[in-house]
Every structure is written in C-alpha cells, then in structure tokens.
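To keep things clear, I will list the structure first and then write my remarks on it.
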Amino acid sequence: MAGADGDDSLYPIAVLIDELRNEDVQLRLNSIKKLSTIALALGVERTRTELLPFLTDTIYDEDEVLLALAEQLGNFTMLVGGPEYVHCLLPPLESLATVEETVVRDKAVESLRKISQEHSPVDLEVHFEPLVKRLASGDWFTSRTSACGLFSVCYPRVSSTVKAEIRQHFRTLCSDDTPMVRRAAASKLGEFAKVLELDYVKSDIISLFTALASDEQDSVRLLAVEACVSIATLLPQEDLETLVMPTLRQAAEDKSWRVRYMVADKFSELQKAVGPEITKNDLVPAFQNLLKDCEAEVRAAAANKVKEFCENLPEDNREQIIMTHILPCVKELVSDTNQHVKSALASVIMGLSTILGKDNTIEHLLPLFLAQLKDECPEVRLNIISNLDCVNEVIGIRQLSQSLLPAIVELAEDAKWRVRLAIIEYMPLLAGQLGVEFFDEKLNTLCMAWLIDHVYAIREAATCNLMKLVEKFGAEWAQNTIVPKVLGMANDPNYLHRMTTLFCINALSEACGQDITTKQMLPVVLKMSNDQVANVRFNVAKSLQKIGPVLDSNALQTEVKPVLEKLATDTDMDVKYFAQEAISVLALA
C-alpha cells in the first residue's frame, strides 16, 4: 500500500512532464497554467528539488508558453516554502529574463521585481544581487536590457558597498554599445534616480541623463525626456537651472520630431516639476515653438496640452502670459492645414474660457469657436460641441446659438453614421443648455428625423435620446410634442419605422408615467398586434412585457392579457415565444 501511495504522489509530476513534452502547444500551455496546482500536490520540498530544476532545464519553448511560465513564477513564493526559500525561483526566472522575445523578458522582470520584495536583506545580497550583476554583464543584449529593470528594486535594501557596485553597473549600461540596452537604461533612469541618495543623483544621474539626452539614437533621447520629469522633481529648485534646463532646452529643439513630440506630450508634467519661475522664463517660449512646430504630430501633442499648461501657469500673471504669448499661437492653429491638429485643439480650447473670464472669451475666444464650428472636418465641429458646457458657464450659450445651429444640423445629417451618432449623444446636454423653447423651435425636428434613419444604431440612440429629453423637460412636454409624433409612426408603410414606435414606447413609458402610457400609448401597441409583419408582432409582445409594470392591474387583465393570449397562438414561432414569456413575466397565466 505504501508503494502505491508513493506512485500516486509521483503521478502529477509525471503527467506534467508528459504534457510539457507534448507536441501540442496548447497542452503545454495548459500544463504551465496548472503549475500552482501541481506544486501544491507535490508539496514545498519537492517543488524546490524537482519541479523548479525541471522547469529551469526545459526553457526552450514557444513564446506563449514561456510568457505563462514567467507570470506563474511571480506568484510562487508560498508554494516553495515562503520568503526564506524564495531564492529558489531565481534560476528559472533568470533564464526567462534572457530569452529573445521582449514580452517574455518583460514578464520575467516583472515577476523578479515582485519576488525581490519577499527577499530578506541578507538573501537579497546573497542571491538576488548576484543575479542582477550576471544579467548586467551578460554577453547578449537581452540579459543586459532585463538588468536595467532590476536595479531600482534591490538598491534601497543593500549595503553601501553593494550600492556602489549597482551604480557602477547602471553607469556601464547607460553607455552600452547596443542601442537597445541604452534605451532600456534610459527608460529606467527616472525610476532609479528616485531610490538614489540626492548626492548621487547630482553626481551620477545628471551626467548619465545629459549623455543619454544627447545620444545618437532618437529613441534613446526621447526616453531621457521622460526621465527628466522624475529627476526635476527630486532636485532642489536652485539646481534645476544648471543641472536640468540646458538638456531640456536642447530636447525641445531636437532635430528629431519624435523627441520634440515627447517634450510636448510630457509638457504639463515638466511644468509642474520645474516650478513657476522656470516655466515663465523657459517653458513659455518653448511651448510657443512647439505649437508652431513644422511637424503636425508635434503641434497636435502641444495643442492637446494648451488648457492644462494655461491652468498651471502662476496666477499672478497667467492672463497676461496667455493673451500675449499663447493665444496668438492658438489663433494660428485654428486654421492649421492638418485636421488632427485642429481636432486636438478643439477638444481643449473651450476650457480656456473658464481661465480667461467673460470679457476675454467674448472678444478673443468666441471668434475662434465660431470658426471651428464652421470647420470642414466633422471631428473639429464635434469636439467643440461636446465641450460646450465650459463656455456655457462663462458666457451662456446664446452667444453661440446662431452659429451652433447650422453646425449641429450639418453634423446631424453627416454622411458618416458615427458622426451622426456622436451628435445624438450630446443632444440632451445641448437641450439642457439651450432651454425648451429653443429646442422645440430648432432641434425637435432633427431628433424625430433620427428615428427613421437607415442605420439601426442611429435609430436606437435616437430612442434613448428621447427618453433623456423627457427626463429633462418632463412628461407634459412629452405629451404635447413627442408622443403624438412617435405614435404617428405606427402607421408608417415601412415596418422598421413601425418597430421604432414600439422601441420609443418602451423607452418613454416609465418617464411619461401611468396616465399617458395607458391612455395614449397602450391602444397603439395593442392595435399593432394585428400587424402583417411577424417582427412587429413579436416586438408588440416584448413591448407589453416592458410597459406592463407601468400599467394598472385592470388594464393588464382586460386589455393586455387577451392580446398576449392571441399572440401566444400565433403561427410564427418567435411571436409565440415572446408572448408566452410576457405572460409569465407579467404573471397573467
């Protein structure tokens, strides 16, 4: 019996080994995903002595299997016996951190970073730190790139001698011959700087930052810009001018548009990191240049930051800086040749009105909004309309209403259905801001026209829009303006439009309340139960199920029940099914 027990306990590892050697990738992948179950079955001792060595030896597989393995090992601490044995996980992860596929290496590094926290300071120096050194001095660039992500997690918890070695290794990797390694080092520079003592940030990191920011490869230089944000937040104000700003000025005028794009993209973060004085003297001119850049991508990235940049300017002279330096550039961008630039600007420009106040908005920004509302690109017009609430707070929407209307009408009839869909979604917001009289006079017909659009998604959104409008303007308004028009569509020759009537009734019944639903909507639904088209009939059953809870029991028993019973004996399968479902949901059986 004991022998049988022994064989039993070997069974999971035997299955695993078989499956891991199977030709079918999917089987191998499933086996890796069950690793934790297998480790539990084996117990901590055998997981350490048999399973991990086996896994370390078999790391020659498809990338997706290796990716799953790298992920699993990050959660294995308890399965090898807890933190005191966590170093047993290092050999397989070290192998995974050197494979060719980037995704696998990144996952292995992520798992290593995770388990580094579970090492005691002694184990960190004895086991983890030597692994980092081996990776950092590996022959292949793959292991050296992986090492870059591990310095910052072990640095804070090791002795000063080891710290000096780690700094030296990082310095070496920053000037590695392979661009991929320098790129990895540049991407981790800010993170590494955060765990270093301030003196070493000044003595080591700044020189590395300067070197990486003037690297021959633009892909390295642009990552140095990201590090700039972290480094600037660490340094005292008085050191920024000498240590960081020369490099940042150079990056903002870099010959590669990708680097300039990165500066524009990180501009708000840089602005917060360097503080108000440097912003005023250095960043304002740099921002102007980025807004006028010869590359459209850079202009678009900078345009995206206009509102944030202006918000974060020092309050005492914010208005003066915007009016004299930023606004002239913004005016030029309104008529930019590239639609992405105009679209980026349109999504933030409305936010300037809250910063500049009523008079400046009317005098300087209003003409720009109006110009953008007439832009030939639908995205630009849409972005302006979707941000109207900012302007409404400052000057009231009436100032814009005359130009708004043609823009809304054009978008509502745009050939692209997605543009039509987007404008429908803003309708309740617009209605709330323009008021009920203006809405009835100018926009009501549009909302009704969408109900008979040839694209179903538009008809569906238009139905939902009506419900939101009724919630905003009330049941009485619905009874006078919307309900008669919706019910009128019940006699439309096109069955799709007749079905839209039912969808509208479903959406409106709750908002309109019992009285209107029973007296005006219910008779129309019941009449449509005799429709020639089965799709309409089964939607009648679905509608009755939906509006049933709004009706009183008398109407349900005397009017709804006979119709549903008739539909339950219909010749069409679907009509029968939905009628029976409605009967059981409304408990009319």
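Just so it is clear, glycine is given a Cβ too, placed from its N, Cα and C backbone atoms.
Database features (TrEMBL):
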REPEAT    12-50  repeat 'HEAT'
REPEAT    89-127  repeat 'HEAT'
DOMAIN    89-270  domain 'Phosphatase 2A Regulatory Subunit A helical'
REPEAT    166-204  repeat 'HEAT'
REPEAT    205-243  repeat 'HEAT'
REPEAT    244-282  repeat 'HEAT'
REPEAT    283-320  repeat 'HEAT'
REPEAT    326-364  repeat 'HEAT'
REPEAT    365-403  repeat 'HEAT'
REPEAT    404-442  repeat 'HEAT'
REPEAT    482-520  repeat 'HEAT'
REPEAT    521-559  repeat 'HEAT'
REPEAT    560-589  repeat 'HEAT'
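Through the fold, the repeat 'HEAT' (326-364) approaches residues 284, 287-288, 291-292, 296-297, 299-301, 303-311, 318-319, 371-372, 375, 377, 379-381, 383-384, 386-388, 390-391, 393-395, 399 of its own chain, all at least 6 residues removed from its boundaries and within a Cβ separation under 8 Å.
Counting only same-chain residues 6+ beyond the ends of the repeat 'HEAT' (560-589), those with a CB under 8 A from a CB of the stretch are 522, 526, 529, 534, 537-542, 544-545, 548-549, 551. Tertiary neighbourhood of the repeat 'HEAT' (521-559): same-chain residues 483, 487, 490, 495, 498-499, 501-503, 505-506, 508-510, 512-514, 566-567, 570, 572, 574-575, 577-579, 581-582, 585-586, 588, selected by CB-CB distance under 8 Å and a gap of 6+ residues from either end. Note: the repeat 'HEAT' (404-442) comprises 34 helix, 0 strand, 5 coil (DSSP; helix = H, G, I, strand = E, B). Tertiary neighbourhood of the repeat 'HEAT' (404-442): same-chain residues 373-374, 378, 381-382, 384-386, 388-389, 392, 397, 449-450, 453, 455, 457-458, 461-462, 465, 468-469, 472-473, 477, 481, selected by CB-CB distance under 8 Å and a gap of 6+ residues from either end. Residue counts for the repeat 'HEAT' (89-127) under DSSP, helix first, then strand, then coil, are 30 helix, 0 strand, 9 coil.
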